[in-house]
Amino acid sequence: MKINPTNSSSLTSTLEKKNLGNITQIIGPVLDVAFPPGKMPNIYNALVVKGRDTAGQQINVTCEVQQLLGNNRVRAVAMSATDGLTRGMEVMDTGAPLSVPVGGTTLGRIFNVLGEPVDNLGPVDTRTTSPIHRSAPAFIQLDTKLSIFETGIKVVDLLAPYRRGGKIGLFGGAGVGKTVLIMELINNIAKAHGGVSVFGGVGERTREGNDLYMEMKESGVINEENIAESKVALVYGQMNEPPGARMRVGLTALTMAEYFRDVNEQDVLLFIDNIFRFVQAGSEVSALLGRMPSAVGYQPTLSTEMGTLQERITSTKEGSITSIQAVYVPADDLTDPAPATTFAHLDATTVLSRGLAAKGIYPAVDPLDSTSTMLQPRIVGEDHYETAQKVKQTLQRYKELQDIIAILGLDELSEEDRLTVARARKIERFLSQPFFVAEVFTGSPGKYVGLSETIRGFRLILSGELDSLPEQAFYLVGNIDEATAKAMNLEMESNSNK
């Protein structure tokens, strides 16, 4: 991280010393540039091409050096379209890697891979910038204590808890509530942990990025009146961008998150949507650079590239970066090298189910498919572990009985199984929860449920103390006291209607 000088004398001296080269070859987003002998830029240095094309249009393209070819030539990958570039154009070596603005000025704004604002809200203070290529924290700086990152979302905290400074994979198709879950997590980390979030849109649809921005403004995650009060910074490198931008936009978002962790000493949530597109962009760049492809056509450096990104996402003694990464699984093949490499880094998985969404149970997190390495008695305690296991057993038994119920009906079940089904249906409904960010759509106030309250509620359902309550009393409530109060209201309503 560096504080940039504002005086003009240092700027003049920099321009006097600038290192200039010329484009010798252009193949799509890849440029070859020749420099004077002894003036070669380093790997990862940013190069800038400025000028005018044949139609007189202004050109400003930033590239990143990827290979030193010999004979004073380097090969660089462009971060924006190379339309209008010609051989012989002048290229300036900036002498440093790409640097992006960091700190509070980034909140509520949308950036591209170069750290330039793209939301038409004016310039951003660039006095404090940080290079996107940095080493992972040293072992001695890491916080190795295993601790739960409480989200206030019942189904997550009980059955697939997140690790503070961990990495979580978010699996789900279109329209099952990924965006709403992401926004609720952004809202809750700001309220409960005083933290901020950074959202990295890597290679996804521009329309989805725009929808997310609009929904964030609507739900108050981005504060339009006072932009500094916003809880999230957005960095987009969408599907229409060249592979260089899609490959590096994840690092831009991570660099902004690292500043909040290391300098502001905050807990940070880093969202990457979609981690598969990061790998896909790396594969495209690898082919353009002429590297021999590996399994299924992926880049030979797949594990290294993934590790370089993932190892920077961690807890230090100053703060933590907890990362939630949407994972696209190509052709639903979990053995594909891209998702398989991602799985090696994940501490928990949150799987969203279309079946639950169809039932109207939101968040539609699948309680049986979602997993977490944190769900161990020595980490979460016996009470939490036992409750979670019993909830899963009850739901699993209900799942097994569903075929029998569909064919023969509930009456054919044994007394014990009927009780299990009744409790499982209550558990299923109690796993739903009203969200703060959905208040504008549903009209019901959002609820943050602490972990101890969550465990107490499920223990009461499992113990049979609440067997007499109707199952609709458990739907879309916060803690168990709200469910019992709702049951009393339902009873009073039914009595008054008689």
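The first residue you see is number 1, and the count goes up from there.
Cβ coordinates come from backbone N, Cα and C, glycine included.
The ATP binding site annotation in Swiss-Prot covers Gly172, Gly173, Ala174, Gly175, Val176, Gly177, Lys178, Thr179. DSSP classifies Gly177 (ATP binding site) as coil under the three-state reduction.
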Other residues, Cβ within 8 Å of Gly172, Gly173, Ala174, Gly175, Val176, Gly177, Lys178, Thr179 Cβ centroid (ATP site): Leu352, Ala357, Ala364
Cβ neighbours within the same chain of Thr179 (ATP binding site) - under 8 Å, at least six residues apart: Glu208, Asp211, Leu212, Glu215
Fewest other Cβ within 10 angstroms of its own Cβ, chosen from the binding-site residues Gly172, Gly173, Ala174, Val176, Lys178: Ala174
Number of other Cβ atoms within 10 Å of the Cβ of Gly175 (ATP binding site) across all protein chains: 11
